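Peer 1: Dumping the structure here so I can ask a few things about it.
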Amino acid sequence: MCCLNLFSSLLIFQCTRVWIPDPDEVWRSAELTKDYKEGEKSLQLQLEDETIREYPIDVQSNQLPFLRNPDILVGENDLTALSYLHEPAVLHNLKVRFLESNHIYTYCGIVLVAINPYEQLPIYGQDVIYAYSGQNMGDMDPHIFAVAEEAYKQMARDEKNQSIIVSGESGAGKTVSAKYAMRYFATVSGSASDTNIEEKVLASSPIMEAIGNAKTTRNDNSSRFGKYIQIGFDKRYRIIGANMRTYLLEKSRVVFQADDERNYHIFYQLCAAASLPEFKELALTCAEDFFYTSQGGDTSIEGVDDAEDFEKTRQAFTLLGVRESHQINIFKIIASILHLGNVEIQAERDGESCSISPKDEHLSNFCQLLGVEHSQMEHWLCHRKLVTTSETYVKTMSLQQVVNARNALAKHIYAQLFGWIVGHVNKALHTSLKQHSFIGVLDIYGFETFDVNSFEQFCINYANEKLQQQFNLHVFKLEQEEYMKEQIPWTLIDFYDNQPCIDLIEAKLGILDLLDEECKVPKGTDQNWAQKLYDRHSGSQHFQKPRMSNTAFIVVHFADKVEYLSDSFLEKNRDTVYEEQINILKASKLPLVADLFHDGKDSAPAATTSSKISVRSARPPLKASNKEHKKTVGHQFRTSLHLLMETLNTTTPHYVRCIKPNDEKLPFRFDPKRAVQQLRACGVLETIRISAAGYPSRWAYHDFYNRYRVLVKKKELANTDKKAICKSVLESLIKDPDKFQFGRTKIFFRAGQVAYLEKLRADKFRAATITIQKTVRGWLQKVKYRRLKAATLTLQRYCRGHLARRLAEHMRRTRAAVVLQKQYRMRRAHQAYQRVRRATVVIQAFARGMFVRRIYHQVLREHKATIIQKHVRSWLARRCFQRLRGAAIVIQCSFRRLKAKRELKALKIEARSAEHLKRLNVGMENKVVQLQRKIDDQVGVLSSQPGGGAVGRLHGHLKAGSLVPCSCRVLMASGPGSCNALEGFRCLLRKERRRWSKGRGETC
């Protein structure tokens, strides 16, 4: 690092800009407000927000702040080009390029730093690929295509295998970077045959993402396995095939997901397409209905269409030659795992045994999809075999044991299917042509640390330790050893070596050895293994014991301290599946299922189900029925990791360091704390030091002579000493002697010098090519000119005759056309006039009619208004008259009522007098006597006539005061004569009655 105590204190003066530590932004820019003198204990600084701060200085170490680079250097595409190389300068340069210029790629010597933008950028199209093709690494902006082109170019130039190692934390964009690198090779190199192998290489990506990637809390498309893809080339450097190796699939994710995480994408893709007719037999519904896909909560990913991705996966299978029937069988196996997770296991009362209902729908679907016997699977999911020296027992299992066995079976089925698909992909990418060289692309899980870290995180971080060691060896240790071997002047630089941490994990009696040893113990437990770790490694500087736990341990990795919980380490390392369940699957009616679990040996079928413990003879000696079908997972992983490192060490590596800018996965947001953690961990800062001070490019004298002999003058070629020729040509071409060094067997170059020599070589070839092309093109053009001149003269002669004839014909046609046009135009003008005239007449008629109608409507409205006014006025007059008449009547009534009241009062007074009453009674007695006489006379006349009897009775009634009306009706019915007499009688009675009533009223 560039520290100011290495320079004169005179460099620190007023207005100098420096970097100081900051708890929030890691590093913060400041400016000196006064000159610094050696021995002073503090600096007077002004921050960018104009805040004044006093910065203390340690007098003993005299550690001054880091200087800031000039503004003209900020934003450089290669960090080694900065004047001051230190952590704040690197961090600031990356931040400026990422946020202000939206550049996600930056060189750091031989390392490409890639920052994940969390957004799709238009920088990966075909035009961009062709723009980088054939270019030197420093000629264009940093890009993953530039690294791929450099690997491709070195493979062709040096005839040595290459590797692109993509590393970084989970969610930093490693998988995408590896995908684009493979796309570059497939586009630039093409295929050596008609098999479209480059398309198949690209088609493997959606398949592997579907079955091996999942959503985690840090990444929506996190690779849960590692893969190393070797792309093979022939002698003409065209793709002829590929091969894929995978490492440590995270099988536990099949049966368990943490909050806000998902299972592998293929499960959700299959559920999203469950409504398709061809998948009806899978009996699937939405992902929320299955236990293995709903433990993380939300089953969807924002911006991701699982149904659309599933269609891409099917198309990739088809492109790789997987038949439709095999695809259906693959989807059946995946669907069966979901149904297995939903099987309901019922514990018995004793707590030592369990059972599954024979009518369990999901178990029936599981057995039907895999083509296995229902009763056998139902039995052996809840039972296991125990083998002793003389007998074999069938024993029941508790609820937790059955759940563990079921989960182990689901994980094993998925792992076998994963391996089969990888094998089929390799088969599709295999070629019979001889491979001349290859480029490997390593896409492996990044360093991980969660709240709870288990066996998977331990293996992942172990792999990253090995990769970091390989990086250290290549960039640091091997660099210095190479310089010393070649006797190049070099200053040794201290660097972090993580070999002690690797020894802690993989050495004899290390963590993995103790884990395998505990797995062999019949009653080994995670707690016993953790205690052995405490006893054995408590003195190691890379191993720590947590204060508050006896089942966890801490490993100090190169990137960070990680605390691992030892629970389930043994179970995951054993990865044991009961053989009885495997035998049932081996006997499947589906050939694909049987092939998945076929180990090449004859195995006995599963025993017949029984509800009791059965005992049989142990002759011949039996193998353990619940044996491990393979070595421990840790041992396998360690072996495959060693093979990977051997492969990488035999190739020329190219490094891509992916940086995760923030944990919220927000586009173009830069968190300095997270970024600087990753820069410190992945060795970028150390790379800057080495790259700036060393010689990254080196050539053997023989190879350099063969490559650049075209730059040597002709008289120098007579010299047989190639080493002397190389020295002579370099001293003449590169004037600065510090740009290169001559070793015993190689020539060492500073960064950029090989590109300069390549440019000179290309210019030399270009000049020679131009001279040759100039001569050949001149001769070709002369021949072509003579041939064209003769042909032109002939053509001109025929063309001129043809043009003259065509001109005469044109003149005749023109004259005839003028005559026709004259007549035609006259006709059109006459017709137009007539149309205008008729239209004018019509418009006038309609206008006049409109005006007349307006006048008529006006008169009509006025007439109607007059009528309305007449009726209104008459109504008003009538209403006024009726009001006046009513008032007069009221007045008259009131007056008459007053007058009547006065008369009534006088009559009432008169009626109360005795004289009035006497006069009234005298008159009444006389009238009664007269009436009685008249009646007697009438009765005598009527009695002599027919019906006389009725008249007599009437007379009797009258004397007695009976009802006269009833008797009269009887009399009327006796005859017409009687009726006439009675009419007269009635009239007389009515008159007397009225008079009587009036008299009584006056009396009252």
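Numbering starts at 1 and runs along the chain as it is shown here.
Using the three backbone atoms N, Cα and C, a Cβ is placed for every residue, glycine included.
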Peer 1: Given 212-239, 604-631, which one carries TrEMBL's region 'Disordered' label?
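Peer 2: Within the set 212-239, 604-631, TrEMBL attaches region 'Disordered' to 604-631.
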Peer 1: Between the candidate ranges 43-65, 641-663, 894-916, 917-939, where does TrEMBL place the region 'Actin-binding' annotation?
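Peer 2: In TrEMBL, the region 'Actin-binding' feature sits at 641-663.
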Peer 1: Under 8 Å between C-beta atoms and at least six apart in sequence, can you list the same-chain neighbours of G168 (ATP binding site), or say none if there are none?
Peer 2: A114, K174, G446, R657, C658, I659, K660, Q678, C682
Peer 1: An 8 Å radius from the center of the G168, E169, S170, G171, A172, G173, K174, T175 Cβ atoms defines the neighbourhood of the ATP site; name the other residues of that chain inside it, in order.
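Peer 2: Apart from G168, E169, S170, G171, A172, G173, K174, T175, the close residues are N116, N219, S222, G446, C658, K660.
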